[in-house]
């Protein structure tokens, strides 16, 4: 308890208890408001609850009260609405789809950076699309898989706005990046542009100016209230005022488990005795669902469909002209066939986009119309289960790009196979080098040992030879010594005598 007061609540106690020239004018479970003397306008209203991460789970939402000095856990259903209840199967399938999508899109990005593929604009655009798919799948997965163990859009209005913006913005980027790829491919076919460039600047300029900036201006109204959501926001209708007060505690969490050891925990099944759920105003939801469906699905559907038809017509015309020409210009025929393969890959991806993302957007329009014109929906559970299935189908489109590219694209498949071969060869070479280095170390050890033994035997033999040579030289010197020394001493004596005289 003492640690808790020292580490967390000194500031709160100063703000709440020690007020000079202020009087307590308002107090409830969530906050205490202090006013000036003889005044009803509050000066400060310190918030009293802090979210306890370690004690909370999917069933209970726990808070620490700074005045009561107690951890109180309330039933999550009384704080967070269960209108959009998600099944556990849906959560596990979302995790599974995210892992497949992360691995598949990551491998696709590595393969699409090949020299042969990145020369074509289609594969450069598909690289960007794979990157956007990863961000979209990440935004979808963190909605239900997070530290709060519940839907992020039910935690607080701020998190609801942020997550709605991220999902909408990344989803719109994915669809319009595919539209941009189709339009660039149609332009290349109509202009007969077969020039290959390695530059990423035109692709990135089109991405930033024509896609990112307009979509950011449109989707930013979710974060900043303007446009459709100027007067009323759809995230403000998800909970009551008392639930929002509890949700404020998540902005100031307590993560230190040691400081909460000696504090008692009280569990409450229900806190709000007369809780009335606020009816959701369907006007904003209806308008947003309609416009979002048009931006994400319907307008891209129409553009992609028309561009796919133009691409099919141009490919058939090319093939007819190649048959009429015959066997001339083999290099041009190779370039045209490679471009036709990339065009076929793009057409199949467009068709899969229409098939796998269309049903969910159509069902959203039907549900929003029915909720707007009818006060009671016919079967809420049926629509919830249908939304989960169609959402999984839409998310699987963003996750299965690697499989689509391998099945449809010949160049992608060949470059993937060559990359696998190179990786296998490098791994085998590295393993062979390690074994070779180990064997060389062992051989060096034995050769050094053998060399030392040879050196020691040679050194002993050379020492014996040197001793014999020195003994023989000494004998020879002793035999010659009297002759040489006698003559030399006589001469030296004679010279000495002459010098003395």
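The backbone N, Cα and C atoms fix where each Cβ goes, and this holds for glycine too.
These features come from TrEMBL:
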- 104-405: domain 'G-protein coupled receptors family 1 profile' (DOMAIN)
- 89-113: transmembrane segment (TRANSMEM)
- 125-142: transmembrane segment (TRANSMEM)
- 204-224: transmembrane segment (TRANSMEM)
- 294-313: transmembrane segment (TRANSMEM)
- 343-366: transmembrane segment (TRANSMEM)
Checklist entry - For the transmembrane segment (294-313), which stretch among 89-113, 125-142, 343-366 has the most Cβ pairs under 8 A? => result 343-366
Checklist entry - Who are the long-range neighbours of the transmembrane segment (125-142) in its own chain, taking Cβ under 8 Å and residues 6 or more past its ends? => result 94-95, 97-98, 101-102, 105-106, 108-109, 112-113, 118, 152, 163, 166-167, 170-171, 173-174, 177-178, 180-181, 184, 203, 207, 349, 395, 398-399, 401, 405
Checklist outcome for this item: Restricted to the domain 'G-protein coupled receptors family 1 profile' (104-405), the mean pLDDT of the model is 80
